[in-house]
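Chemist: Feature table excerpt (TrEMBL):
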{"type": "DOMAIN", "residues": "800-881", "note": "domain 'DYW'"}
{"type": "REPEAT", "residues": "104-134", "note": "repeat 'PPR'"}
{"type": "REPEAT", "residues": "135-169", "note": "repeat 'PPR'"}
{"type": "REPEAT", "residues": "236-270", "note": "repeat 'PPR'"}
{"type": "REPEAT", "residues": "271-305", "note": "repeat 'PPR'"}
{"type": "REPEAT", "residues": "306-340", "note": "repeat 'PPR'"}
{"type": "REPEAT", "residues": "407-441", "note": "repeat 'PPR'"}
{"type": "REPEAT", "residues": "442-476", "note": "repeat 'PPR'"}
{"type": "REPEAT", "residues": "478-512", "note": "repeat 'PPR'"}
{"type": "REPEAT", "residues": "579-613", "note": "repeat 'PPR'"}
Amino acid sequence: MESVILPCKSIFPTISELPQNYHPKPKIPINYVEPRFTDTQLNYLCTNGRLSEAIHAIESISQYGYKVKPETFSKLIEFCINERALHFGRKLHKKMRFLLEKVDPFIETKLLGMYSKCGSLQEAYQVFDEMHERDLFAWSAMIGACSRDSRWCEVMDLLYMMMGDGVVPDSFLFPKILQACANCADFKTGMLIHSIVIRCGMSSEIRVNNSLLSVYAKCGLLSCAKRLFESMEIRDTVSWNSIIMAYCHKGDIVEARRLLNLMRLEGVEPGLITWNILIASYNQFGRCDEALEVMKEMEGNGIIPDVFTWTCLISGLAQHNRNRQAIEFFRQMIANAVRPSEVTLTSTVSACASLKDLRKGRELHSLVVKLGYDGEVIIGNAMVDLYSKCGKLEAARLVFDMIPEKDVYSWNSMIGGYCQAGYCGKAYDLFMRMHEFEVSPNVITWNVLISGHMQNGDEDQALDLFWRMEKDGSIERDAASWNSLIAGHLQNGQKGKALGIFRKMQSFGFKPNAVTILSILPACADLISAKKVKEIHCCVLRCNLENDLSVANSLIDTYSKSGSIKYSKAISDGMSTKDIISWNTLIAGYVLHSCSSEAIKLFHQMKEAGLKPNRGTFSSVISSYGLAKMVEEGKRMFSSMSEEYRIVPGLEHCVAMVDLYGRSGKLEEAIDFIDNMTMEHDISLWGALLTASRVHGNLNLAIHAGEQLLKLDPGNVVIYQLLLQLYVLRGTSEESVTVMRPRKRNHHEESLISWSWTEINNVVHAFASGQQSNSEVPDSWIKRKEAKAEGSSSCNRLCITEEENEDITRVHSEKLALSFALINSPQSSRVIRIVKNLRMCEDCHRTAKLVSQKYEREIYIHDSKCLHHFKDGYCSCGNYW
């Protein structure tokens, strides 16, 4: 070997560099090498970053039958791991049997680790399976390899195989196994490991205890986590973080906050992770203001928010519709020199999309490009959604085309953008192109297309797609698929078809969700749909949706509008939590039913519960005081809006004030209030004044209100007819009237036709004024009693009606509906419900009161102005409508 040494150089050449015609001298044995010298040479090459030369030398050495020390071979494997040189590692593995006198488990474990750390778990498994002897280190290496690759189920399998071989994990391996238990939600194995830990005397190991805590926390076993935490002699920051996280996962943020304070009292200062856990939980449950307070407190304790902190806040605000605030916090984050992550940018772009703020969206797009995130699919999808919602479909398509590897959400965003803009043809074309890019449409893709076609009036295409989903697309329909059809039919005014789809959905075995209920309930918010509301309520109970706040609020509203305020009250009383919408809806329901005292009482209960009234609350409460003729209280309530609650009154509050004055006969105050208003007048305002003037017999004021109404709505035939009647009462002939006659909608139209609807035995019957009545009941009785009926309540009223007066051939529609209901409704039913499209006349109103008294029925008639509840000869409206 003397000929190998080059004394003029300090670097050893590899054997492969020898001349091709070189042959060793016969007197030197071929298999002889000085081991110390070879190992030194190889170590020298590796230490100086010449791993490829070392591997080349190994190949040459193995050809001559030379051996290297196990320590040298182990170091070579380490160098392969450090350099992530998998191909060199494979060469070492191939020569291992030739280079080592004996392959021990230590070397095999090293090889196993090399394969796993260099990204070839399959080859790591091959080494592991070929091992004749597997000790704790081999099992640890294999479990560690699966952990690094997040193969948690395989970790669990390896654990049981390991225990079957009689090898017990140590305190270093248990945390990895427990991490797998937590990620697999396998609390039973976690409990088994806990018992092994206790038996093996490792219960004082803090790393093991912290891992056990994490298992119990992630699996929702709060009582187990609490017991373990309280039994721990030593608790570090990780221990506190785990127990705080356990309470956060259970939604008990109050206790989590208490624990953070206790942590500080025990001398363990919360770190950034601790504060972030709490901030993330507050945002998750929509308590964004409290999350902001925690962040301020964190900063006060010298902890600087990181990108996770900012992202939690921005995402939380965006998800709970506080989009402007989310964008402002993003601006502050950038000002604090914190680099946003993909999630931060996606949440902020989504906030801009919700606001349709194109300018800020473009600024964000520039930042995305500047930071190098423009190729990220998650951000690209958000940008497509932004431009689509802002109506910039060309920009959206440009971003879509530039996404290098589009996922199904990319396609869904672009297809949805076309559908929202009404370009369903382009959306369908894009849908058909998905297979070219080997992207399969999912259920969202189909639902977006169905919804888009329904919204654009293409019902046939939507239904065709709906039925093709499972047949052609092999996609199982979900509740959202049915919801798309239901919502589309309702949007197109096809209430019957929507209810039909709702029933068919249930017959196919699909449980309606909250969205289904919230879509279908408003369609039943009228008197003739009372039975359907109960049917849907039963469905809510079967699907366990009664605790959903939005569903409960919608039921309160729908029951009140269908004439069942007692059910609205029952639902409200049974709610565990109520928001401002719950209170407002019930208060408005009582106002609709003219129950002023109950509405006012609820208002005070709401304030006692700690809720601040909003705009909707004040509108209903002022109306309540109007019903009760409590003018001064109503005026004080109106003033308190701006003085106490800093709410600027809107048009709805001004209309309620005119109604307040009008019901009490204070017409001069009503007109003064209107004259002093700064906002623009509308039809509802003058309509309220016309009603007050008509009821109290002020002809001149009624004409003034009518003229203002006709100016605002010059094509309204009803207003024109009322105004003509008022002129006649004043003595002005129709020929001298200066107001312009509205154009007829068609050549048959002289006045609006009065229609009334009632429901008998699950069938809705419609009646038009002038139709022939099938029965004279209760005509004969009414004719005898009408002459004796009290007329004092209406002696000052202006006798004007929205439809022509009755004569021998023309009977008003509500009388026809009432007669039909009396004859055909079951004797057990004491309630009659009728809906009318025009305002009731006084004669029909008086008739309904007489019928309610004679036939002992409760009669609900909802006309265009008021909900009338007739009982025992009285009406809830108090003769003011």
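Note that Cβ sites are derived from N, Cα and C of the backbone, with glycine treated the same way.
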Chemist: State the residues, same chain only, that lie 6 or more residues beyond the ends of the repeat 'PPR' (442-476) and have a CB under 8 A from a CB inside it; answer 'none' if no residue qualifies.
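Modeler: Residues 408, 411-412, 415-416, 418-420, 422, 424, 427-428, 431, 434, 484-485, 487-489, 491-492.
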Chemist: Could you give me the DSSP helix, strand and coil counts for the repeat 'PPR' (306-340)?
Modeler: 26 helix, 0 strand, 9 coil
Chemist: Can you give the mean pLDDT for the repeat 'PPR' (478-512), rounded to a whole number?
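Modeler: Over the repeat 'PPR' (478-512), the predicted model scores a mean pLDDT of 91.
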Chemist: Count the residues of the domain 'DYW' (800-881) that DSSP assigns to helix (H, G, I), to strand (E, B) and to coil, and report the three numbers in that order.
Modeler: 25 helix, 18 strand, 39 coil
